[in-house]
Amino acid sequence: MAPPGIGNSSQCDVEFPTSSETSKNIVILDGGFATQLSCHVNDPIDGDVLWSARFLSTNPEAVINSHLDFLRAGADLIITNTYQANVKLFKEHLNITDKEAYDLIKKAVLLAKTAVARYMEEFPSPRRPLIVGSVGPYGASLHDGSEYNGSYASTTSVDVMREWHIPRIEALLEAGVDLLALETIPCRVEAEMLINLLKERYPKAKAWLSFSVGTDGKTTAFGEPFQQTARACYDLNPNQLVAIGVNCTAPRLIESLISGINDKRQKPIPLIVYPNSGESYNVEMGDDTTSYRWINRDKCEPVETYVSKWLDLGVTYIGGCCRTFAIDVTRIKREVEKWKLIRHIEI
Ligand SMILES: [Zn+2]
């Protein structure tokens, strides 16, 4: 079935899960927001200094429709279009005031709420999908890819990162998100700062923490041992963290990252995994369409082929990141349901 909007490739198709495919124990995330947004807009997204966040201002209806695609595809939650949202960046690149920039971040939550309301009208259910506020790393604002290597961790003070994060977190919470996604965080110093910030300033908020990681399947993007880092971060604030894990990395790297992470732990860490499609992003290539920059899709195993293995390893939050479409969310959900049937877990 074609999604609303101008979707122009089969990847933009949305499949609807059947009613028996409703999951209770495993939480299904959405997919790559900018990726699905590309089904609704013609303007370039990747390469823009504001990335998909620009469309909060220029095309709010496309933002709503992208969220709706994920809900119709079976997501239990949607993540706001605020990964790259930031008061300073909005001021600079949209030529607006501090207040307008702050309000634009709040508008992202409103657009997500609008999508949920429309979805609930289409498919009434006692279970409302959650709205999760995306909090991308400080490095995402530098526009140099450093959220994927964490290089700024050794040159930027914790205070600078903290002050940079506060306005967006405040706007998201003020606008009423259910949860925060501290995501694509490449380094321990920023992760710990965010966890402590929650504890000190927003003690009622809940969040998940998700790292960007290295290509060795063992470390954070900045090079710290992943499992040790994840365990230490979780133990800093288990009451406010709903899960810890990995996003925006190739699916083939996930198993070695999470395997054994809860061995010998009295209180297991709830795990979250939302990889990208495994394609490589090439900043040198093309500048006018999304697809020119992503290469080697044909060499990647689809995300859903890994699902049962990850669930066996204890993952409870599962979805997709860059280059995963709404149709991938449906496929992931189907694998979750299959896994539950095989394991005789009551649906
Ligand atoms: Zn991503």
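The backbone N, Cα and C atoms fix where each Cβ goes, and this holds for glycine too.
Among the candidates CYS233, CYS248, the one that TrEMBL lists alongside CYS321, CYS322 as binding Zn(2+) is CYS248. Each of the binding-site residues CYS248, CYS322 was scored by how many other Cβ atoms lie within 10 Å of its Cβ, and the smallest score goes to CYS322. Excluding CYS248, CYS321, CYS322 themselves, the residues of that chain whose CB lies within 8 A of the CB mean position for the Zn(2+) site are, in sequence, GLY32, THR184, ASN247, THR249, TYR274, PRO275, ASN276, GLY320, ARG323, THR324. Within 10 Å of the C-beta atom of CYS321 (Zn(2+) binding site) sit 28 other C-beta atoms, taking all shown protein chains into account.
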